[in-house]
Amino acid sequence: SFSREAQLFVEKFEGALGKGKGKKFYAYKVMMTKKWMKFQRDFENFKTACIPWEMKIKEIESHFGSSVASYFIFLRWMYGINMILFGLTFGLVMVPEALMGKPYGSLPRKTVPRAEEASAMNFATLWDFSGFAQYSVLFYGYYNNQRTIGWLRFRMPLSYFLVGVGTIGYSFMIVIRTMARNANEEGGGDDTSFNFSWKMFTSWDYLSGNPETADNKFASITTSFKEAIVEEQESRKEENIHLTRFLRVLANFLALCTLAGSGYLIFFVVRRSQKFALEGLENYGWWERNEVNMVMSLLGMFCPTLFDVISSLENYHPRIALRWQLGRIFALFLGNLYTFIIALMDEINLKASYLPPFIIFNMHMGQEEDFQPLEEEKIVKYNMTIWEASLYNGTIPENSTAPPIQVDPADVPRGPCWETMVGQEFVRLTVSDTMTTYITILIGDFLRAVFVRFFNYCWCWDLEYGFPSYSEFDISGNVLGLIFNQGMIWMGSFYAPCLPAINVFRLHTSMYLQCWAVMCCNVPQERVFKASRSNNFYMAMLLFILFLSTLPAVYTIVSIPPSFDCGPFSGKTRMFEVISETLEHDFPSWFGKVFGYASNPGLILPFILLMVLSIYYLNATSKSYKEANLELKKKLQSVRNREL
């Protein structure tokens, strides 16, 4: 049997010896194997090249470390999310209304009022998202409340509601899924045994044939050594515990004072804006009309820098210091955002500047203190009844067969559309925040770098190593800016379907502008540190903001009646009634009964409780498995050390 096996082995591999019948076939097989391996390698390179901005991010990581690269990876992920949201709103809301809905000028809600026509196309008006921009598919108020539109009988109100709910549901699903995937990739932690030896002898890529690729790889290895050195220094550092505690308490006290001052400033500015709204914004200049947005943008620009100065007192590990910085800026932005929401809710109740003159007259006749949105709508409806009666010489015929009087939609009085007003405020805030970010990059990074570069030779001291020096990339400020901008998109897209499109444009331009600014104007941090293996800290903050962003939208959908003469839900007492209307007209009666039983709180609450218990059980199980893996890993390391 042994000789038989030897004979079979020789027959199988005799082509490798250049003998026998299998010589040509073996040579052909070797050639095809090499070609297949080359094809696989080229295909992997092609897939990498097809990932958006992958090479840019790799180049940044090689020079600035994984912590800076993690921001751009997070930005790219956010860009993908917003592309999906843009596809939903654009394909299922904006395009059907533009193609199949009634055209501009056919209804009062789709027509600029006569008093605003003269300035409807002015640049200042369009930049403020008023005029023709306000009466377009960009905002909630333009959409009609017909159940079906066009020859396809497209259900616009239902589509608008489901897209609004679907974007939030999809966002929750993708954020939680990404967090779970990152947790799985994290595993049992990094193996730091013989860390420097592994980096020294196994880091170089011997397949690199491009000089630029080789330079980037060299920079990447150098940066990884800096990261490893910082990690080793931090693990062996000894410190005065009492002095450190005092400085950290002082730093937190200063941070709390900054947050309190920021909140008071926002509150003061909001009160001023309400005063301007009551007196009439047309009597004030550009700053007074945009004071809230500009103050919020300026606070978001300067407070992170102040927090960065305060954090230097704490002497944390750079990665822990970054998390503290993120938490403080998170609290700052969260306070600003919810102060802004409260201001919007107050403006819904104090909309005198948005009302027709006859309503303002009624308010000044003693009804101002007790004025509420529903009372306002009653006044608007009453005055519209008087206006309709004036068309028929004082009386409205009930059973007249005469043709109705044709009136230009621009001349028809209309009530205030608070949904469009909320959408306009979110769009303005997003645009002003984008412009502030770009101006900060151009002035704070580019002009600063130009000044340091060209004036360093003729200055009294070394500008590169002294003041002002080249700027470092602000990871915490940029990450929190992304997260809170996305929170505004989630919160405002229900009232302004154009917001996802604006955010896609913002993220696309930010990727190129910030990549250029990092490589041309910034320098690596003095203490380059390694980012955690997962971005779950970013994702946790994003999930929290997503939850907080859904609360105002859910509150308005469930509790506040929609405007009576604008938007797809006009004529209903609550926005969610479009679901019951659809079940009543488009589904069998038994399906409506089943849906009613399924939505019963007595069934929903036990189901939610069961889900919470299941999540708690799975979380506890995963923690136990992780601890078991760590213990097994320690045992394997101890066995290896004994053998050595």
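Any Cβ shown, glycine's included, is placed from N, Cα and C.
Annotated features in TrEMBL:
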TRANSMEM  77-99  transmembrane segment
TRANSMEM  120-143  transmembrane segment
TRANSMEM  158-176  transmembrane segment
TRANSMEM  246-270  transmembrane segment
TRANSMEM  325-345  transmembrane segment
DOMAIN    417-532  domain 'TMC'
TRANSMEM  537-558  transmembrane segment
TRANSMEM  594-618  transmembrane segment
Are there at least 3 C-beta pairs under 8 angstroms linking the transmembrane segment (246-270) and the transmembrane segment (77-99), leaving out pairs fewer than 6 apart in sequence?
no
Across the domain 'TMC' (417-532), DSSP yields 82 helix, 4 strand, 30 coil
Please indicate, using numbers and ranges, the residues of the same chain that are 6 or more beyond the transmembrane segment (246-270) and have a C-beta under 8 Å from a C-beta there.
291-292, 295-296, 299, 303, 306-307, 310-311, 313-315, 328, 331-332, 335-336, 339-340, 342-343, 346
Rounded mean pLDDT within the domain 'TMC' (417-532) lands at 83
